[in-house]
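Novice: Copying in the features that TrEMBL gives for the protein in this structure:
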REPEAT    47-79  repeat 'ANK'
REPEAT    184-216  repeat 'ANK'
REPEAT    250-282  repeat 'ANK'
REPEAT    412-441  repeat 'ANK'
REPEAT    442-474  repeat 'ANK'
REGION    503-527  region 'Disordered'
Amino acid sequence: MALADKRLENLQIYKVLQCVQNKDTKQIEKLIRLGYPELINFTDPLNGHSALHLASVSNDVDMVSFLLSLGAHPDVQDKMGRTPTMRAAELGHELSMEILAKAKADMTKVDNEGKGILFYCILPTKRHYRCALIALEHGADVNNSTYEGKPIFLRACEEAHDIKDTCLTFLDKGANPNAINSSTGRTALMEASREGVIELVRGILERGGEVNAFDNERKQAAHFAAKGGFFDILKLLFAYNGDMGLISMNGNTPLHYAAMGGFADCCKYIAQRGCDLKWKNLDHKTPRTVAKEGGFKAASKEIRRAERTANKLAWPGAKNPNPLWALRLHDWSLEHETFLREAFSFVDRGDGTVSKEDFVLTLEERQEYVTPEQLAMIAQYHEKLRGAGVNINDFFKGTRANVNATDNFLWTPLHFACHAGQQDIVELLVKAGAVIDAVSINNSTPLTRAIESCRLDTVKYLLDIGAKFQLENRKGHTAMDVAKAYADYRIVSLIQEKLDNLPKPTENQKLKGKPPPKVKTEGPEVKKEEEPLSSVYAIPTVSEEKKMRKDNVVYLHSLITSGYTKKVDITFIPRRIWSPEATTAELIRKRELQRERFTYEVDFEDFMMPFQKNITEKAKALEAAFKT
């Protein structure tokens with residue numbers, strides 16, 4: 001619309017703008033009726049603001065409707081090319097924007113920089129998100145780019161951490177997943193990886209985003225994900241055929257960036273996925289040197305371990321047990337587990353298995369990273385018996401951990417969980433098939449450990465699911481004896497109640513008792529009258545079977561001749577589970593769970609576990625008694 005360039009026009013438009021500010025509708029009607037034609041669409045000569053601009057900025061819904069009824073045009077642009085709709089969207093005024101949209105405001109208009117209305121909705125508030133939805137519903141261009149070559153979707157991905165829903169909405173509405181900034185070469189996938197929003201990265205890759213595209217500095221999405229330590233995004237990129245060994249213009253690989261941040265899990269993952277461990281950047285530093293200079297011991301240790309493994313595999317005749325194609329198939333299968341399970345369901349034989357041929361054909365049709373020969377090899381490994389087929393659950397999750405594994409003292413995981421009083425872990429182990437009455441090296445059961453920790457809920461749970469409370473340890477103590485020793489009256493009364501509810505033996509069973517042990521005698525000197533006494537005072541006999549002592553010379557010599565001493569145990573048992581570092585939200589949730597489990601006292605430095613606390617209290621009581 002024309003700018004006011006005459007004195008009278010200037011006075012009239014400023015008067016209209018003043019009346020809009022004062023909400024003087026009668027004076028506005030008078031000025032529109034008696035003033036210059038199209039005065040309502042005139043703009044002030046300083047900023048180019050019209051009456052509708054002011055009403056939209058102040059979010060005066062009634063004034064916006066009033067001005068539109070007087071013939072105000074919704075697409076009037078100020079000196080920067082912004083329409084009233086853009087101004088309303090910029091400030092998150094969804095009500096004003098909705099009225100302008102119903103007045104058929106053009107949502108494809110751009111300002112002097114080429115920015116459409118969606119550029120003004122890139123702010124982390126719910127109101128701006130609703131403004132973006134209104135604009136999209138009324139025809140806003142989701143692939144709009146500025147005159148400098150920056151698409152709206154890429155601009156949104158730059159703030160993806162704060163406006164994730166807006167970015168996903170743009171994708172659903174048809175935004176180009178390969179949107180690229182022509183001035184820097186950055187793609188939307190790179191920006192989403194830099195922000196660490198895995199849902200957005202997954203959405204871009206599912207819609208055909210180029211995973212190995214690089215910018216003007218030869219950085220790709222994996223570089224940005226490694227720099228931020230986003231382990232899940234690295235797995236996702238590799239599953240979609242991402243290259244973990246690409247070198248940027250400064251000579252850095254993704255492993256260099258992971259080492260700079262000290263992300264040990266990312267370093268281990270990238271090193272396993274084909275990145276050159278010995279590559280030096282322009283500063284002549286390897287990834288391990290970078291981690292060492294940064295003081296990140298865990299990351300340096302992981303890279304050093306990977307270097308040793310790579311050196312062993314470089315020997316002539318050495319075979320890599322985990323080739324790159326197998327690792328890619330593993331990550332890709334886990335990422336598409338739901339999709340693949342649905343595909344396998346059509347060829348399922350009814351028992352959770354599929355034939356080798358169907359297994360190979362199903363995977364061959366849905367991925368391009370692994371050859372049919374390699375898939376046949378995988379199927380052969382999974383087929384335990386001839387014609388047994390491939391178990392789908394084993395393919396995705398592998399064999400389960402042994403829930404009844406023991407340590408040197410024959411403690412099972414259930415022993416440790418009961419000893420620590422971790423009720424939720426106890427229930428999980430029992431559901432997974434843990435033996436309730438597993439005995440340790442001194443014949444102690446999980447029930448005994450729960451009694452020692454003085455956790456009533458754990459003891460009650462074990463008794464309710466059928467734990468035997470009459471078993472004795474090596475000292476001959478039952479669960480009741482242990483409960484009395486630890487003096488927790490609640491547990492004593494609970495076990496006593498269980499004892500009282502036991503069925504009483506009949507008189508015949510009482511008289512019968514245990515059968516007397518058969519004792520070898522040298523002559524007919526034993527009288528039959530002594531048999532009733534032996535039935536009452538029955539003492540179990542010790543078997544006199546001869547056992548070969550392990551320090552015997554003959555036994556040791558037999559081991560040497562049989563070659564037992566030459567066997568080398570190469571079993572690798574990891575010290576801990578490899579998992580990503582916990583986020584702040586996860587750490588807070590962990591602290592909340594600990595408070596629920598161990599009460600608020602867990603936050604204090606002098607907190608002790610229930611077993612240790614009980615022992616300490618009794619020791620202090622005994623010490624005080626001796627002093628008095």
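Cβ atoms here come from the backbone N, Cα and C positions, even for glycine.
Where the annotation comes from TrEMBL, it is an automatic prediction and has not been curated.
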Novice: Determine which residues of the chain contact the repeat 'ANK' (184-216) at the Cβ level, with the cut-off under 8 Å and only residues 6 or more beyond its ends counted.
Specialist: 151, 153-154, 157-161, 164, 167-168, 171, 175-178, 222, 224-225, 227-228, 230, 232-233, 236-237, 240-243, 246, 248
Novice: Under an 8 Å Cβ to Cβ limit, what residues of the same chain, 6 or more beyond the ends of the repeat 'ANK' (250-282), are close to it?
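Specialist: Here the qualifying positions are 217, 222-223, 225-231, 234-235, 238, 243-244, 288, 290-291, 294-296, 298-303, 305-307, 310, 322, 324, 327, 578-581.
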Novice: Looking only at the repeat 'ANK' (250-282), what are its DSSP counts of helix, strand and coil residues?
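Specialist: DSSP classes over the repeat 'ANK' (250-282) add up to 17 helix, 0 strand, 16 coil.
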Novice: Go ahead and report the DSSP secondary structure tallies for the repeat 'ANK' (184-216): helix first, then strand, then coil.
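Specialist: Across the repeat 'ANK' (184-216), DSSP assigns the residues as follows: 17 helix, 2 strand, 14 coil.
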